[in-house]
């Protein structure tokens, strides 16, 4: 039941509040206080759940209560009166991104310095906490609620977007220390499995105004979001097609320098090989994200990665490095390599 009497103004259904309180709206409304409490701390504050739970608490009867947004909701004497607004967005503004706890709220203050990362086009923001960032191609707009950082450089303001490794396999690979991503400014990238365009938007930042990203996504629902991202970013070309049939979009895509693939499909090796035959320059590169459970959920992840690498070699995709994406994703690996390398003299 949770502590029934805990909600200061609890009244009536307060009991249910404790238990039902996790959903914020707390049983019988009385849960306001208790609800706020459950909502607030319940799921570790921050993030999506905490915040929302709290607000629900507000509706449930704690009046403006839960508004404490995950903060201390119910504690504030009047079911949150004190909480009201507290931290606004979920526990103290943490949890920007919802999934994966977001960027953890980039705490920079005034002393943020931007350093170039060894991958061209990627940067590191150094502040109270360090973050991986890319230079915003469309200053003033965000794509998925990520944090933005403005830095003045010789009188001109440059805006950077925090790149969250829990939302992006490529960011996870970069933070995991991948040797090469093969996407320098000005390069052309074919991105298979673009989804809603979260990572695509960062690749668009990295390759910059001279580069191009061909973003292929089969799902119409994600495709809608992708097209909205592409409306603002002139260097993204959205293609709502099945990556298994590259001939369907051959008239849209020129030769590319790099293929990035994040298609969680059992035959993704074949999908990449087909697209490479159509669009990848000889000596061009590929970066493939492999989710072990999507290919064979019964085998050990390591065995799955090894067999995928064997298949690639058979398709003239020559892997050069492989790394796992721990601690950001479980049972994922990224394989980077070269396509039809020129014969050694």
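Glycine is no exception: its Cβ is also placed from the backbone N, Cα and C atoms.
Per Swiss-Prot, the features are:
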BINDING   198, 199, 217, 218, 242, 243, 262, 263, 264, 265  S-adenosyl-L-methionine binding site
COMPBIAS  8-108  compositional bias 'Gly residues'
MOD_RES   23  asymmetric dimethylarginine
MOD_RES   25  asymmetric dimethylarginine
MOD_RES   43  asymmetric dimethylarginine
MOD_RES   49  asymmetric dimethylarginine
MOD_RES   52  asymmetric dimethylarginine
MOD_RES   59  asymmetric dimethylarginine
MOD_RES   64  asymmetric dimethylarginine
MOD_RES   72  asymmetric dimethylarginine
MOD_RES   78  asymmetric dimethylarginine
MOD_RES   89  asymmetric dimethylarginine
MOD_RES   94  asymmetric dimethylarginine
MOD_RES   99  asymmetric dimethylarginine
REGION    1-114  region 'Disordered'
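Positions of the features from Swiss-Prot, shown on the structure.
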residue: 198; record: S-adenosyl-L-methionine binding site; Cβ contacts under 8 Å, 6 or more apart: 143, 144, 167, 168
residue: 217; record: S-adenosyl-L-methionine binding site; Cβ contacts under 8 Å, 6 or more apart: 193, 194, 195, 223, 226, 238, 239, 240
residue: 242; record: S-adenosyl-L-methionine binding site; Cβ contacts under 8 Å, 6 or more apart: 218, 248
residue: 262; record: S-adenosyl-L-methionine binding site; Cβ contacts under 8 Å, 6 or more apart: 169, 191, 192, 193, 195, 199, 289
residue: 264; record: S-adenosyl-L-methionine binding site; Cβ contacts under 8 Å, 6 or more apart: 193, 291, 294
Using only the residues recorded as binding S-adenosyl-L-methionine (198, 199, 217, 218, 242, 243, 262, 263, 264, 265), report the maximum Cα-Cα distance in Å, whole number please. 19
Per DSSP (helix/strand/coil reduction), residue 198 (S-adenosyl-L-methionine binding site) sits in helix
